[in-house]
Amino acid sequence: MDQVLPIALVSLLLGTAIALIFFKNYFLKRKSEIGSISKPELHSDLHKKPPKPTHQSKKPLSKPHSHVSSDKDHNKKHHPLDLNTLKGHGDSVTGLCFSYDGRSLATACADGVVRVFKLDDASSKSFKFLRINVPAGGHPVAVAFSDDASSVVVASQTLSGSSLYMWGEDKVKAGDDSKQQPKLPLPDIKWEHHKIHENRAVLTLVGTASTYGSGDGSTIVASCSEGTDIKIWHGKTGKVLGNVDTNQLKNTMATISPNGRFIAAAAFTADVKVWEIVYSKDGSVKEVPKAMQLKGHKSAVTWLCFTPDSEQIITASKDGSIRIWNINVRYHLDEDPKTLKVFMIPLHDSNGATLHYDRLSLSPDGRILAATHGSMLQWLCVETGKVLDTADNAHNGDITWIAWAPKTIPAGVYRRNKALSNQKGDGQTFVLATASVDKKVKLWAAPPLESA
């Protein structure tokens, strides 16, 4: 035991000495390497010309200038019919709707907010808007105006199904004109219904005034579910006025004619079913019987819209065609609707195959058909089927909804370019609004018809 201890001590000292010698040589070598690398750099820096102070002082100032110029270049690339962009949405914009006077635009956004913009001038740099927060847990998917611009019907999607709300403002009592008027109160929920289509989502929500026959002119709203059912609501009271069933596996969309007489639906099949809303003498809805069926397409109808006079329907199909139908027939006598025109969709993929349109919207004068496919927006002449203009990338993502303002809107900046618009002498023009998953809503002027 006495011999082991000295041997261990000697081994420890020798190991320590060897380690010190190794690390000393390593650091000396590392120092020489660092020196051999740094000296040439230092030497070369001495031969370099020092940067001019004026160049350094200008560099930070050049960034904002180049940013502005790039913005200008970007603006130059905008489509000539692009009037404006409504920003500020926090998520995908899922739906939009104009008020009856065309001066208010309501948008439904997946961020849980409905915004109602005031459109005094479509080319304004900023817009005032009213913010309506949907109850927690819901995401607005569609919106429609009720009897006036201060009443908004909203379809909201929750985990348990779809809800329908109507926000409205109380009328402000007339007071002394000499006193300053108080601010208008925020709209309150006037009525609400939950699980309106059981646990199914709402695909479309459309409202119009019931002016046909003995209709009292009040707003009726149609909600179309992703199932096969469609419900008709009274806009002011929220009362259910009728139900229809497409019996076609699943719905694609549904809409009401401008005069409130017909409901038409596109569903899984190639046929379009049309129902008539029959009104009682007191203006209430009596019944909603099936009126007719549009047969002629060879594949599913993707979208449809009525003409302003409610006497024709325009349909787009996956068969690559657009059809214009005359529905002003005596269907009570088994007279079938007539196909007036058939146009091939002027849209093809890289292999030459015809594509279909996702959505359609007809201008208030019935002359220009706006259509979308993905992020592309196209304008067609209803008379000839000719393409009037195309915006290949109207949005940075798929377009979710389109709608024309029912009346012309002032477009101050656009007055300078009258050659491109169908605007009136007072600088007003027909305006199309598009919503997209890119969190934006865009306003577009109507293209000219002279070349069609």
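Glycine residues also receive a Cβ, built from the backbone N, Cα and C atoms like all the rest.
Note: TrEMBL annotation is automatic and uncurated.
The structure displayed is predicted, hence computed values, not measured ones.
Taken from TrEMBL, the feature region 'Disordered' covers 39-86.
Summarising the annotation, TrEMBL assigns compositional bias 'Basic residues' to 49-66.
Feature annotation from TrEMBL assigns repeat 'WD' to 86-127 (among others). Long-range Cβ contacts of the repeat 'WD' (86-127) within its own chain (Cβ-Cβ under 8 Å, at least 6 residues beyond either end) map to 133-134, 136, 138-145, 148-149, 152, 154-155, 167, 205, 207, 209, 397, 400-401, 403-414, 429, 431, 433, 435-443, 445.
For the repeat 'WD' (294-328), residue counts in helix, strand and coil come to 0 helix, 19 strand, 16 coil, using DSSP. Under the heading repeat 'WD', TrEMBL lists 294-328 (among others).
Confidence across the repeat 'WD' (86-127), taken as the mean pLDDT and rounded to a whole number, stands at 95.
Broken down with DSSP, the repeat 'WD' (86-127) shows 0 helix, 19 strand, 23 coil.
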